[in-house]
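K.L.:
Quick one: the structure is below, and I'll ask about it shortly.
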Amino acid sequence: MATDNDSFPWDQDSILSSDMFSATSTELCYENLNRSCVRSPYSPGPRLILYAVFGFGAALAVCGNLLVMTSILHFRQLHSPANFLVVSLACADFLVGLTVMPFSTVRSVEGCWYFGESYCKLHTCFDVSFCYCSIFHLCFISVDRYIAVSDPLTYPTRFTAFVSGKCITFSWLLSTIYGFSLLYTGANEAGLEDLVSALTCVGGCQLAVNQSWVFINFLLFLIPTLVMITVYSKIFLIAKQQAQNIEKMSKQTARASDSYKDRVAKRERKAAKTLGIAVAAFLLSWLPYFIDSIIDAFLGFITPTYVYEILVWIAYYNSAMNPLIYAFFYPWFRKAIKLIVSGKVLRENSSTTNLFPE
């Protein structure tokens, strides 16, 4: 992400000849074109490794989130307002794996953008939009979990399908409008005309964002993050108190089984814990990138290119992490995967399969 800083010595030739990570030689992205960007290709070994690592991340994001969406949408037992939020979150991560990561793989490994100027801007819009869409979804999911844990008996009447739909609509609309309007209006480049001119070359896809918009980007990340941290802190305090109450009651009464309220509370606490881990994974993935964007915006591109690329791909890999988290913590998801992969979902009445242990 490019930013404006008067004290930083921007030189057009040095920008066009800057290399990506450590490379073996210097070439042009388009040998027969004037104003072609310079590329510094990797040797075959590192290239193969990078393609494998980045390609695996993209494939995992696509296939893993597709399994999440298929599981929840197919099996009626999983149809709930909370799970509809999870499906929508998986859709955003799926689109990152489908429309962003494959093209970023080529750009990161080859050091050039070969997909045209139009898709460069569209690719960046997808990147920005789906990132913020995930943030907003996770924020709403944390609020949903708070309601479920704090008052599990009245939760179904408070967080309905209609409320879930409004949260989903808000997340997609706001993130899409922000991402596309920011880049297609050129507001991000205001005051950076000289820098944009210096960065422009055939085979490049650099995003120039001025300090004001970098700060706005960070706020759009920070505010939902603070909400999530606050809400999950309250959730775990409530969960701890509930666990102590249940233990105290168990000692006072010899019950053969837990009450309905206790079972519901236990289930909601487990769901909150799992989704809390998903939120923590998201923050650990994206926070370094956003901090780095602030540093670069106000200190003038002090981050080495290879460090920036690493931070970007750590953030991208978050789109592949949620399905792994669900698979590790949710027995119903593992069972759903087996039914989908084995083709048993094609059988009649498979949508009514019981995925929860008795």
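The backbone N, Cα and C atoms fix where each Cβ goes, and this holds for glycine too.
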K.L.:
Tell me if His79 and Ile238 end up on the same side of the membrane in Swiss-Prot.
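P.N.:
Taking the topological domain names from Swiss-Prot at face value, His79 sits on the side where Ile238 is.
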K.L.:
From the candidates Cys112, Cys120, Cys125, Cys131, select the one that Swiss-Prot records as forming a disulfide bond with Cys205.
P.N.:
Cys120
K.L.:
Annotation N-linked glycosylation site per Swiss-Prot: which of the candidates Asn210, Asn349 has it?
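P.N.:
Record annotation (Swiss-Prot, N-linked glycosylation site): Asn210.
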K.L.:
Cys201 forms a disulfide with which residue in Swiss-Prot, given the options Cys29, Cys37?
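P.N.:
As annotated by Swiss-Prot, the paired cysteine is Cys37.
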K.L.:
Cα within 10 Å of Cys201 (disulfide bond): which of the recorded positions Asn34, Cys120, Asn210 qualify?
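P.N.:
So far as Cα distances go, the recorded positions lying within 10 Å of Cys201 (disulfide bond) are Asn34.
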K.L.:
Quick check for me: are there 3+ Cβ pairs below 8 Å between the transmembrane segment (213-233) and the transmembrane segment (48-68), leaving out pairs under 6 residues apart?
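P.N.:
No, the transmembrane segment (213-233) and the transmembrane segment (48-68) are not in contact.
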K.L.:
Of all the glycosylation sites given, Asn34, Asn210, which residue's CB has the most CB neighbours within 10 A?
P.N.:
Asn210
K.L.:
Near Cys205 (disulfide bond), which residues of its chain come within a Cβ-Cβ distance under 8 Å, counting only those 6 or more away in sequence?
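P.N.:
Result: Arg107, Trp113, Phe115, Cys120, His123, Thr124.
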